[in-house]
Amino acid sequence: MSVCTEIDYKLYTELKKIAGNSLFLFNENGDFTEVVLNSSFKFLVPIGFFSSIDIPLKKPIEYKNNNNNIEHSKNIILPNLYPFQKHVVSEVLLSMEKKNKHKRPTYITLHLACGFGKTITSCYLLSLHKKKAVICLPNKMLINQWKRAIESINMDHIVSVDGVSNLLKEMVKKTADILIIVSRHLLNEEFCKKIYLNYDIFILDESHMYNLMNNSAVTKFLTYYPPKVCYFLTATPRKVNRIYCNDIINVSNSLELKKYIKIVEFFFETYSSDTIKQMVKKLNTNYNKYHMYTEKILAEDVPRNELILDTIIYDFNKMLINRLIIVTKLRKHMMFFYDRLSEKFGLDVVYLGDAKNKNISDIVKKIKSIDRFIFISTTNYSGTGLDVPTLDSLVICSAVMNSMQIEQILGRICRSSVSKTRTVIVFPNTSIKEIKHMVGFFTQKIITLAIEKLNFKKIEKKGKKKELALCKAFNLQTH
C-alpha cells in the first residue's frame, strides 16, 4: 500500500515540482482527485516517490512479508552485455545498496537511449534478483521481443496473449517465474491481488506511454498494489511519472555509429488540387487541432511524394541505403509508397508494416534475416517496440511529431548491428503554400533533435526546380 498521509506544505512542494500544473492522487476514500494545499483529506502517496533519498520519509514504508524466489535459479543463463550495459547494472546495484541502507523502496527508472538494449539489460537484472517478476507491456507488439529475451536466460515464463481471464485460469494449473502481460490486464483486480502476493518485481516497459497523472489501470495498480521492486524502462521519460518512480539512472550508449541526417531541400512550384483545396479550409479550425489535416494535405503533395520516391530509388539502387524503414503518419500515405516501391523493386524487397495485418510479426521476423529491404510503416506502429536491429536507414515522410515521438522514431536505426553507418532522410519543403511554414517548422524540430541530442551530422542537398535529372544530382551522397 502507498503512504497514506496528509499533504503538508513541504511534501506538496516536492510533489508539485514533478507534477507541474496539476497534481492528482487517490485520496483515502479511493477517489482520484486533484491535490490542493491544506486539503483536509489524506492522500495515498506512491511508495516509488520515496525512492529518492532526497525526499524525507513521512513514515516507514510497509512491505509485504513474503518472498517470491524463482524456483530454478541454478538454471539461469546470464546474458552477455556490452560494457555500457554492464555499467547500468553496476549503477543499479549501487543504487539498491543505498536504498537498502536508507530503507527506501527499490524503484528505478532506466532512462536509456533507443537501441541501448533495455530488454537484455533488464533480463540481466532479473537474473541477479532471482525473484519472480511481471513484465508489463503497452501492447502485444513487444511480446515476441521479450519472450525471446526471457527464453535466452532460461527462465520459466508465461506469455499472456488471450486475455486476463484465460491467464488466471492458466495460473491455477501452472506457476511461472516470469509473467509477460499487457497493461490492460491490470484492470482486473483479482489479477492485481494475485501478482501482488506472488511476484516481487514489476517491469513497466515503455513507461513514457503512460501518463500517471491520469486515472489509469497502471496508476491504480502502483498505488494500491505496489511491488517490492519496480523498474520503469524508457528512452523518453515523462517527468510526471517520477511521482511513481523517483530515481533515474541514465547511461549513454557508446556504440561507434556514424550517424547522418540528410536534408533534401527543394523549391517547388505551387501545387494544388480540388481535394487539397477542400482540406485547406479546415486548417484553421478545430478539425486540425492535432494537425491531422496538415498531414492529410501533405500526403496529397504529388511533387513532394515524387521527390521522396526519386530519392529512395536513387539511394537504394546506389546502395547508399540498404535496410530502410519509411515512416508516414497516415495509412493511405503508407499504401501509396508501398504500391509504388513494390512495383519498382518487387515484393521480395518491399514489405508493409501494417498494424492491421495479423501476420505482421512474421514479416518483421523475415526482414531481420534479409540483407537488403525496404520496410514501410506508420509512425504509430514503428515508433515504439519495432525490433529490427539491422535497420540502417530511415526516411521520414510525415512532418508533425512531438519530441518524444521523434526520438522514438530515430531510435529505430540506432541499434547495434554489422553496419556502423546510419542515415535519416527528411524533406522540409512542400509544394502546397498553405502548409509550407508549418512543414518547415516541424521538420526543423526533427533536425535539431537529431543533431543536438542524438549526435547526427547534417548533410544538405538543395535544388531549385522539380526536375528528375536535377533531383538525382542533388541526391548524391558523400559518405
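Cβ atoms are placed via backbone N, Cα and C, with glycine included.
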Per Swiss-Prot, the range holding motif 'DESH box', considering 65-68, 205-208, 377-380: 205-208
Local confidence of the prediction over the motif 'DESH box' (205-208), expressed as mean pLDDT: 95
CB contacts for G115 (ATP binding site) [other CB atoms within 10 A, all chains]: 21
F116 (ATP binding site): tally of other CB atoms within 10 A of its CB: 25
Neighbouring C-beta atoms (10 Å sphere around the C-beta of G117 (ATP binding site)): 23
For C114 (ATP binding site), nearby residues of its own chain (Cβ under 8 Å, 6 or more apart in sequence): A235, E407, Q408, L410, G411, R412, C414, R415
